[in-house]
Structure formats: structure tokens, C-alpha cells
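Asker: This is the structure, below, for whatever I ask next.
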Amino acid sequence: MHRCLLSDVSHSRSARKELTRQALLDAAVHLLADQGLSSLSLREVTRVAGIVPAAFYRHFADIGQLGVALVEQSLGGTRDAERMVRIGLTGSDELIEQSMAVLFEEVRRHPERHRFIARERYGGVAVVRRAIEEQLRRGADELAADLVSGDLDAAAYLRDWPAEDVRMATTLFVDHMWQTAAALLDVVDDPRAMADLRDRATRQLRLVVAGCEHWRG
């Protein structure tokens, strides 16, 4: 019984810690709607999160590390969703359509997080820039692995490519997706403009895929 009580207390503390950590991340997202990460203060974040400033350091070493956590939560979630939707796909058009559907839904649901990514990819906090590039690199690596080992019949030719060339192709695909996400932020409240952007971005990706099919290195 004593062990069970100790376990419950430990679980409760862990849950409270996670709730506080998420409150800090949510507060940062709210504040970053109007400023860059480099100008964000710890006191601002803790005030909005409703905790004392000293408690911040139980979760993050500094504002830069909070920014890295935001990157991992935002882009990591999108990467996971993109990877799930690729399961069982067999055609390149289907891959493009489903990838675009996930991207547009993620940006529509979390515009503030993707605005943060778009701003900080070339922003003033080096550790956050590196975290963003690392997430995009992982996305390209995962796409390469899925295309080479998966069921996508239209990409079977990639299995004969050098790994470096496959990686180059998937980097083009992923970079285009995130350029589209940045453009989407400017029209997220305009359904017609969103539809036009999606159509244009989809056609551009089809052009990339068509080029890959005729690539000879």
C-alpha cells in the first residue's frame, strides 16, 4: 500500500511538472505572436504562464532551450503526421495530395506555432535555427527511408539511386512543403487564396517529381 501511495505521489508530481512545462510553451507561443524569440523575456513568459520566474529553470535552461522545445513540439508533430499518412500509399500523386492535406491542416490548426517556425528559421537565436534545420533534415531522411523501403510503386526507381541523390530529392520535397507553409500563413483566413496556393504548390511538387523520374545524375 505504501509503495502504491508513493507511486501515486510520484505520478502526480510528474503530471504537474508536465502541465507547468506545457503552460510555459503555450505562454511563449502567445507572446511570440507579436515579437521574435530573441526579444522574449523569461519574466514575460512566467507571468503569462502563472508561475514564479525561478520555476522556469526547473524546465528549461534558458529562453533558447524553450525555443528548441517549441520547435520539436511543432515540427515533430507535423513530421509524425506526415509519416503516418504515407503508410500504404502507392502513387506519387496520392503522396503529394496527402502530404499537402496534412500540412494545410497543421497550419490551419496551429498558425501561431508555424509562424514562429517561419520567423525563427532565419532568426537571431542560433540554437533554434539549428533545431529547425535538424527537424527538416529528419523529415527529409524519413521521407527518403519511406520512399525507398515502402509501397510507393511510383517511386520504385529511387531504389536504384545513390543514397545521396535520394536525399537530395527528398530535401527538395520537404523544403518546398515548408516554403508553402510560410506562404500559407499569409492567407490562412482567406479560403479562396488558400485553395489557389494549394493547387499551385501541388502542381509545383508534381513538377519536382516529374523531374526526379528523368534524373540521370
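The count begins at 1 with the first shown residue.
A Cβ is built for glycine as well, from the same backbone N, Cα and C atoms used for every other residue.
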Asker: Of 21-40, 41-60, 181-200, which range does TrEMBL call DNA-binding region?
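Answerer: Result: 41-60 is the stretch TrEMBL calls DNA-binding region.
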Asker: Mind looking up the mean pLDDT for the DNA-binding region (41-60) in the predicted model?
Answerer: 96
Asker: Based on DSSP, tally up the residues of the DNA-binding region (41-60) by helix, strand and coil.
Answerer: 14 helix, 0 strand, 6 coil
